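> If you scroll down you'll find the structure; I have some questions about it.
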Amino acid sequence: MNTNPYSSDLRIGIVGLGAVGASLARTFDAGIPGIRLVGITVRNPERAAGVLANLKNPLALLDLEELVQASDVVIECAPAALLPQIALPVLSAGKKLVVLSSGALLESPHLIDLARLHGGQILVPTGALLGLDAVTAAAEGVIHSVRMITRKPPRGLVGAPYLLENFISIEGLDKPKRVFKGSAREAARGFPANLNVVVALSLAGIGPDRTALEIWADPSVIRNTHLIEVDADSASLTMTIENIPSDNPRTGRITAQSVVALLRKMNAPLRIGT
Ligand SMILES: NC(=O)C1=CN([C@@H]2O[C@H](COP(=O)(O)OP(=O)(O)OC[C@H]3O[C@@H](n4cnc5c(N)ncnc54)[C@H](O)[C@@H]3O)[C@@H](O)[C@H]2O)C=CC1
Ligand SMILES: O=C([O-])CC(=O)C(=O)O
């Protein structure tokens, strides 16, 4: 833990030691100039022991209140349903919260007011997506439409509430099947562990009700693939990303790297990209 009050290192706390949290812990443990990992909050310390044992530096297991006290920036990498309870103490303390479960922000807009009230900040990284720099720039003018088409290996969609509620089977597919067509807001409700990216896109652009999404369960892809088309008065954008899965088949490897890139930029003397 950083006990030196004169250090200018950014003190980082992580909540959740799954695919993203463990990747971040390993990266920070290996050392990034100006960034110091001060602790982690987990649900199950016994399950965390394996990851923690392989770090070079001992990492403090803290409860959420202790983590908030010790950190300048807390990174939420936990299940979406926990976002409000994780965000509350961080934002009430006027600190910065990096949100990976960005889909859950739509159900908790009060968190933005909380951040405003206490001088905190919610940071949504580009995560498993691309191009949010160009979309936010386009949003300074007029964006006419935003459309995203996602293709996922069926196993990355298993258990999504929308599929269960609508009795949509994705077992044994031998060709792509469109399983959803609707807005980013509807997708966030129906696929809370799968489509954070479209919510981030919608918040960067024209909002969750006007951002259109199709989801395909596609047995021919091994990567989560997102195609985005934006039509604006400044530019037309067509962008694709093919994400190599991490330890969690729902989560692209690039997600954790996006958080590292965001943190590196925070105090950097040269900052590239919007
Ligand atoms: N914004 C984006 O681009 C992306 C966001 N995500 C989202 O990021 C979040 C994390 O993703 P993964 O690491 O892949 O998920 P994961 O399922 O691998 O890990 C979540 C971890 O949180 C832990 N956890 C559960 N309850 C907890 C509690 N009360 N306190 C602390 N930890 C707790 C679980 O034990 C698990 O280790 C998910 O909500 C996921 O949907 C994932 C990929 C891309
Ligand atoms: O948005 C998400 O939660 C995950 C995702 O689609 C990806 O990793 O490609």
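Cβ coordinates are placed from backbone N, Cα and C, and glycine is handled just like the others.
Features from TrEMBL:
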- His226: active site (ACT_SITE)
- Ala128, Asn196: NAD(+) binding site (BINDING)
- 16-125: domain 'Aspartate/homoserine dehydrogenase NAD-binding' (DOMAIN)
- 174-260: domain 'Aspartate dehydrogenase' (DOMAIN)
> As a test of reading the model: what is the averaged pLDDT for the domain 'Aspartate/homoserine dehydrogenase NAD-binding' (16-125)?
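Overall, the domain 'Aspartate/homoserine dehydrogenase NAD-binding' (16-125) comes to a mean pLDDT of 97.
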> What's the CA-CA gap between Asn196 (NAD(+) binding site) and the residue listed as 'active site' in angstrom, rounded?
12
> Taking helix as H, G and I and strand as E and B in DSSP, count the residues of the domain 'Aspartate/homoserine dehydrogenase NAD-binding' (16-125) in helix, strand and coil.
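Tallied per class, the domain 'Aspartate/homoserine dehydrogenase NAD-binding' (16-125) gives 56 helix, 20 strand, 34 coil.
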> Long-range same-chain neighbours of Ala128 (NAD(+) binding site), Cβ under 8 Å, sequence gap at least 6?
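Result: Asn196, Val197, Asn224, His226, Ile241, Asn243, Thr251, Gly252, Ile254, Thr255, Ser258.
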> Please state whether DSSP places the residue listed as 'active site' in a helix, a strand or coil.
strand
> Per DSSP, what is the helix/strand/coil residue tally across the domain 'Aspartate dehydrogenase' (174-260)?
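Reading the DSSP string over the domain 'Aspartate dehydrogenase' (174-260) gives 23 helix, 33 strand, 31 coil.
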> Could you tally the C-beta atoms, other than its own, that fall within 10 angstroms of the C-beta of Asn196 (NAD(+) binding site)?
27
